[in-house]
Amino acid sequence: MTRTKVAIIGSGNIGTDLMIKVLRTSKHLEMGAMVGIDPASDGLARAGRFGVPTTAEGVEGLVALPGFDDIEIVFDATSAGAHVVNAARLLPLGKRLIDLTPAALGPFTIPAVNLEDHLEAPNLNMVTCGGQATIPIVAAISRVVPVEYAEIVASIASRSAGPGTRANIDEFTETTSSAIVEVGGATRGKAIIILNPAEPPLIMRDTVFALVTAADPDVHEQIRASVDKMVADVAAYVPGYRLKQAVQVTEIPADQPVHTLLAPDAERPTHQVSVFLEVEGAAHYLPAYAGNLDIMTSAALQVAERIAAGKADR
């Protein structure tokens, strides 16, 4: 079987973890290039030891590589600003882009929710690590009952956040909030990220709060079942993804001012759904606490595998 050649731009934590996943676990992909801007980066050094072609000259260095024409898919693991430049250079050359930054030039893509809708898109955006972990849960609740407001809190180990992640903090909240609405189906959404400085580093933890109208106990059970199914769907490509405890559906007290979170014309919801998750990494590059890397790179790999498999089927 002929494998699809891919390149990764960004030799930091995310790009390096993704490279190792492609090399060790991919069924349909082959590393064609690892691209960075720091000649001394660990990611480029590792790529060189693995025999992967490398360049420290950024996107122009990629285009200049002898094997560039054979590369079909390019993962961008840089920053939101850099992705704008990279996309402008690569899309006219016919490369498919999988964007692991919050730039969101292409459609938001969550494999367990809407991958099949975007397989032909030239540039797919992977939202954010927090989005990959929590938006499937919002979507699962939305499949049962309308979600007037959804709020997610992503807590990641500070040590797992490299310079690219830190540079994108504002874009993280904006992009994730938008995707909660666009992909998750909530009327309104908010995202909060916490870089936890605790030592030893703690595993990625995510919390989803959703405000719904669901007075019927049978609906509560439908919500729990939908969330359980979605967790299993995500865990199929992120094995360390799991519920921390049972889904909670609680009545909203009459004196709680939830109207401040809702659209002006929204009816007051009756219940809050609370979902608590944790994501343990596969430790391909960083230790297992870096589940935020693992869910992002695993989701991106799932997208590329599906694109490559679809090409092979045609």
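Just so you know, glycine gets a Cβ as well, placed from its N, Cα and C.
Database features, via Swiss-Prot:
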{"type": "BINDING", "residues": "Ser11, Gly12, Asn13, Ile14, Ser160, Ala161, Gly162, Pro163, Gly164, Thr165, Arg166, Ala167, Asn168, Asn292", "note": "NAD(+) binding site"}
{"type": "ACT_SITE", "residues": "Cys129", "note": "active site, acyl-thioester intermediate"}
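Each residue contributes its Cα atom, and for Ser160 (NAD(+) binding site) and Cys129 (active site, acyl-thioester intermediate) these two points are 12 Å apart.
Residues Ser11, Gly12, Asn13, Ile14, Ser160, Ala161, Gly162, Pro163, Gly164, Thr165, Arg166, Ala167, Asn168, Asn292 are recorded as binding NAD(+); their most distant pair of Cα atoms lies 17 Å apart. Cys129 (active site, acyl-thioester intermediate) and Asn13 (NAD(+) binding site) are 13 Å apart (CA-CA, integer value). Asn168 (NAD(+) binding site) falls within neither a helix nor a strand when secondary structure is assigned with DSSP, and so counts as coil. Rounded to a whole value, the Cα-Cα separation of Gly162 (NAD(+) binding site) and Cys129 (active site, acyl-thioester intermediate) is 13 Å. Within 10 Å of its Cβ, the residue among the binding-site residues Gly164, Arg166, Asn168 with the fewest other Cβ atoms is Arg166. Shown in sequence order, Met34, Val35, Gly36, Asp38, Ser41, Asp42, Gly43, Leu44, Ala47 are the residues of the chain, 6+ apart in sequence, with a C-beta less than 8 angstroms from the C-beta of Ser11 (NAD(+) binding site). When secondary structure is read from DSSP and collapsed to three states, Ser11 (NAD(+) binding site) falls in the coil class. In this structure, Gly162 (NAD(+) binding site) belongs to neither helix nor strand by DSSP; it is coil.
The two recorded residues, Gly164 (NAD(+) binding site) and Cys129 (active site, acyl-thioester intermediate), show a Cα separation of 13 Å.
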